[in-house]
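Remarks on the structure that follows.
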Amino acid sequence: MKIYLVGGAVRDSLLNLPIKDKDYLVVGATPEQMLQLGYRQVGKDFPVFLHPKNQQEYALARTERKIALGYGGFSCHASPDVTLEQDLLRRDLTINAIAQDEKGNLYDPFNGIEDINARLLRHVSDAFVEDPLRVLRVARFAARFHALGFHIAAETLALMRQISASDELNALTAERVWQEVDKSLGGPHPEVFFEVLHQCGALEVLFPEIFALFGVPQPEKWHPEIDTGVHTLMVLAQAALLTEDKSVRFAALVHDLGKALSPKEHLPKHHGHGQKGLPLIKALCTRLRVPNETRDLALLVSDQHQNVHQAFELRAETIVKIFDKADFWRKPERLTQLILACTADMRGRTGFENNPYPQGEYLTQCFLAANNVDIAAIIAAGFQGAEIKQALNLRRIEAVSQFKQKMQTKLPTDEQ
């Protein structure tokens with residue numbers, strides 16, 4: 001029985017990156033032997049065991065055979081006669097198919113170290129096409145290692161296109177797709193994930209609402225990049241620079257879905273696109289089973305981002321209505337999230353990347369003024385029942401109005 005460290009831990013060690021999880025491969029052992037040594041079996045489809053002391057995962061060497069559609073359509077064969085190389089052969093990328101024994105010796109039958117040095121994401125074998133999830137995984141690795149200069153090998157991208165053109169992607173469960181999206185949204189370059197999916201044809205299959213934005217023009221005055229799809233990924237990139245909040249990043253990604261519905265005769269203008277996008281966001285979130293909080297913020301940003309951009313032009317009554325509709329009184333963090341997404345939207349345009357966004361501070365101060373209205377004083381003044389809410393609303397409007405009067409600078413409208 002021989003034990004090897006495999007996968008991401010070996011790869012990240014060679015890249016001098018922090019190691020998060022360690023996965024081990026056991027060659028030449030049976031499930032019975034593992035149980036006798038105190039390991040606890042947790043894998044149902046194939047033998048995976050937890051170490052009796054540190055609870056790290058140890059998997060028996062195995063081979064796989066495709067028997068059905070989807071990432072789960074495999075028959076696994078685990079036995080003591082499966083070799084190290086046979087197990088590594090079934091892995092997705094060469095950089096993930098390197099093993100290290102207990103003495104520190106590296107085993108690299110598919111030249112993964114060479115590809116690490118060349119910053120290349122390359123498939124191990126043509127069996128790559130049997131697992132559609134690998135399209136998403138490679139896109140995620142491209143995003144994760146973008147700053148290190150990694151790129152996808154042309155022949156691997158060709159196989160990803162082959163998968164996208166088949167029915168395999170449709171066999172992926174919503175949970176697995178969202179899991180990959182969620183991981184990518186948490187990385188430093190989530191926009192690269194979607195760029196890769198667009199390049200290989202998977203975006204059209206899995207995210208048709210986002211795919212539909214590419215080729216849709218916008219006014220060049222406000223959008224020198226013109227293409228709405230390009231703008232969308234620029235906004236996502238800016239959101240990633242502004243915050244680690246994955247919900248804000250997702251909201252940035254889908255804030256302009258309604259622009260795909262603008263009548264061709266009205267292009268490049270997009271009147272009411274924020275509201276037009278709401279059903280598209282709901283459908284996307286339902287299909288992928290996006291968490292409710294993430295969905296709700298995305299809907300808020302789509303609905304209100306045009307108002308936020310034009311904050312200096314809004315009447316006090318309109319501003320308070322926005323605060324009411326979004327329930328910022330109970331969820332003030334939502335205002336911060338909305339402003340972050342709108343800042344990303346403003347900066348996600350060619351030449352606007354470093355511009356200030358005074359609308360954010362302006363709305364924050366409006367909210368503080370409105371939120372400082374003393375409800376106790378209203379009750380003490382003798383208001384009762386529905387009168388309390390009416391009086392509170394009027395005093396909030398007055399507070400915002402007084403703040404607006406103090407503001408001397410008024411920026412020109414910047415339509416997004």
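Count begins at 1; order follows the chain as displayed.
Cβ from N, Cα, C; glycine included.
What Swiss-Prot lists as ATP binding site is Gly8, Arg11, Arg91, Arg137, Arg140. Per Swiss-Prot, the feature CTP binding site maps to Gly8, Arg11, Arg91, Arg137, Arg140. Marked as Mg(2+) binding site by Swiss-Prot: Asp21, Asp23. Residues or ranges marked as domain 'HD' by Swiss-Prot: 228-329.
Annotated features, which come from Swiss-Prot, shown on the structure.
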{"residue": "Gly8", "record": "ATP binding site", "Cβ neighbours (10 Å)": "17"}
{"residue": "Arg11", "record": "ATP binding site", "Cβ neighbours (10 Å)": "22"}
{"residue": "Asp21", "record": "Mg(2+) binding site", "Cβ neighbours (10 Å)": "10"}
{"residue": "Asp23", "record": "Mg(2+) binding site", "Cβ neighbours (10 Å)": "16"}
{"residue": "Arg91", "record": "ATP binding site", "Cβ neighbours (10 Å)": "21"}
{"residue": "Arg137", "record": "ATP binding site", "Cβ neighbours (10 Å)": "18"}
{"residue": "Arg140", "record": "ATP binding site", "Cβ neighbours (10 Å)": "21"}
With DSSP assignments reduced to helix, strand and coil, which class does Gly8 (ATP binding site) get?
helix
Reported as an integer number of Å, what is the Cα distance between Gly8 (ATP binding site) and Asp21 (Mg(2+) binding site)?
8
Given the binding-site residues Arg11, Arg91, Arg137, Arg140, find the one whose Cα is closest in space to the Cα of Asp21 (Mg(2+) binding site).
Arg11
Taking the recorded CTP site as Gly8, Arg11, Arg91, Arg137, Arg140, identify the other residues of that chain whose CB atom sits within 8 Å of the mean position of the site's CB atoms, giving them in sequence order.
Gly7, Asp92, Leu93, Ile95, Asn96, Phe141
How long is the line from the C-alpha of Arg137 (ATP binding site) to the C-alpha of Asp23 (Mg(2+) binding site), rounded to the nearest angstrom?
17
Based on DSSP, name the secondary structure state of Asp23 (Mg(2+) binding site): helix, strand or coil.
strand
Compute the average pLDDT of the predicted model within the domain 'HD' (228-329).
97
Inter-residue Cα distance where the pair is Asp23 (Mg(2+) binding site) and Arg140 (ATP binding site), in Å:
19
Could you give the Cα-Cα distance between Asp23 (Mg(2+) binding site) and Arg11 (ATP binding site), in whole Å?
12
